[in-house]
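A.B. asks: This structure is in structure tokens; I'll ask about it shortly.
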């Protein structure tokens with residue numbers, strides 16, 4: 001075969017979409033679709049029709065450009081097996097590695113606290129509204145739930161990993177089915193309450209502030225950054241030796257693009273379906289009650305009384321159960337990340353980074369007590385979940401997902417070719433706006 005024929009054959013092979021690419025599209029999509037999605041309709045719908053339309057326009061650019069920027073940073077590592085920690089160590093030295101370890105821990109730990117509050121509130125709402133049982137002490141409920149989860153995590157972690165993996169796509173399927181099932185209950189309230197004369201761009205309830213606060217929830221909900229490093233390593237091992245790094249970067253971008261489209265379609269359809277069923281006032285009430293949208297929907301159908309259909313009854317109980325399973329799935333996944341981050345900090349400072357010297361069984365137990373204890377305190381205090389996401393969860397995610405890659409583009413020679421791209425300014429602005437949520441929450 002001539003060299004020309006080899007090139008043509010190689011190009012044909014390059015353009016082929018592989019099964020592994022499809023698996024990663026679904027893997028990235030599945031990582032993002034979790035309990036965080038259950039709060040997005042509340043934040044998006046609380047301002048009415050116009051803000052959620054703006055969020056619809058921003059959804060894909062936020063999901064795609066931010067994750068592509070992080071993937072490019074991961075791709076800049078010298079070896080195809082370098083993960084994000086290795087890559088940051090190469091570019092910024094040991095101090096940079098320590099900073100990333102801190103950011104990684106503090107990006108995930110607040111999310112665990114959020115899910116601790118959420119699962120407590122969801123269980124209490126199910127207990128009182130669906131089971132119609134008398135109120136129980138919040139501290140006891142939170143402690144009991146956390147002890148049960150700690151038991152399963154400590155004694156059956158491997159089994160739980162498998163179970164949670166199997167639950168990802170059934171949860172997504174349920175989310176789509178609920179979105180479709182709500183169609184018969186769509187009302188025109190969102191349109192009848194829409195008044196152009198009462199709209200304002202500025203002010204605490206203006207469109208710009210609502211969209212700004214919504215961006216933080218979007219960064220939180222449309223987030224598959226925890227798996228991007230593993231994804232890039234996998235694609236580099238699969239493609240880079242045969243086709244080069246530039247092609248691998250293009251393939252990663254295409255996979256991220258398709259995952260982002262899938263994610264935006266599912267989440268935004270779910271958000272619009274909830275908004276057409278409820279009203280902005282309902283969304284405000286859901287925020288005040290500090291419960292996810294599925295729990296509020298369950299309570300909404302419960303309030304229909306004896307006149308409700310069997311269909312509505314199924315939705316009522318199904319929504320609550322799906323919410324509990326989704327939150328437990330997200331809690332478990334973020335617990336493992338928090339445990340890894342806390343162990344990493346203890347090993348880095350207590351054992352000078354020598355993992356072989358650390359008694360891992362004892363360390364896991366100490367970390368579990370610290371993590372579960374702090375989660376119980378936060379769950380008992382019951383801070384507003386959307387405010388907690390805006391003040392802690394989303395800003396730290398934005399620092400890792402948006403600002404770190406943009407800083408690397410400015411400073412690292414291997415990423416200099418991406419300087420001056422319009423998408424860089426967009427990603428930087430999204431990161432800064434998300435972090436500025438902290439200032440708004442303190443005002």
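Including glycine, each Cβ sits where the backbone N, Cα and C put it.
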A.B. asks: Write down the single range among 186-206, 207-227 that appears in Swiss-Prot as transmembrane segment.
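C.D. replies: Spelled out, Swiss-Prot records transmembrane segment over residues 207-227, not the other listed ranges.
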A.B. asks: Please tell me whether the transmembrane segment (24-44) and the transmembrane segment (259-279) touch - that is, whether there are at least 3 C-beta pairs under 8 Å between them, with each pair 6 or more apart in sequence.
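C.D. replies: By the criterion, they touch.
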A.B. asks: If you count Cβ pairs under 8 Å, which stretch among 163-183, 259-279, 385-405, 423-443 touches the transmembrane segment (95-115) the most?
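C.D. replies: Between the candidates 163-183, 259-279, 385-405, 423-443, the best contact partner of the transmembrane segment (95-115) is 385-405.
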A.B. asks: With Cβ-Cβ distances below 8 Å as the criterion, list the same-chain residues six or more beyond the ends of the transmembrane segment (163-183) that contact it, or say none.
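C.D. replies: That would be 26, 29-30, 33-34, 37, 266, 269-270, 273-274, 276-277, 294, 297, 311, 315, 318-319, 322, 325-326, 329, 332-333.
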A.B. asks: Return yes if the transmembrane segment (259-279) and the transmembrane segment (385-405) have at least 3 CB pairs under 8 Å (sequence gap of 6 or more), otherwise no.
C.D. replies: no
A.B. asks: Counting only CB pairs under 8 A, let me know which of 140-160, 207-227, 423-443 has the most with the transmembrane segment (45-65).
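C.D. replies: So the stretch in question is 207-227.
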A.B. asks: Quick one: do the transmembrane segment (140-160) and the transmembrane segment (423-443) reach 3+ CB pairs under 8 Å, ignoring pairs fewer than 6 apart in sequence?
C.D. replies: no
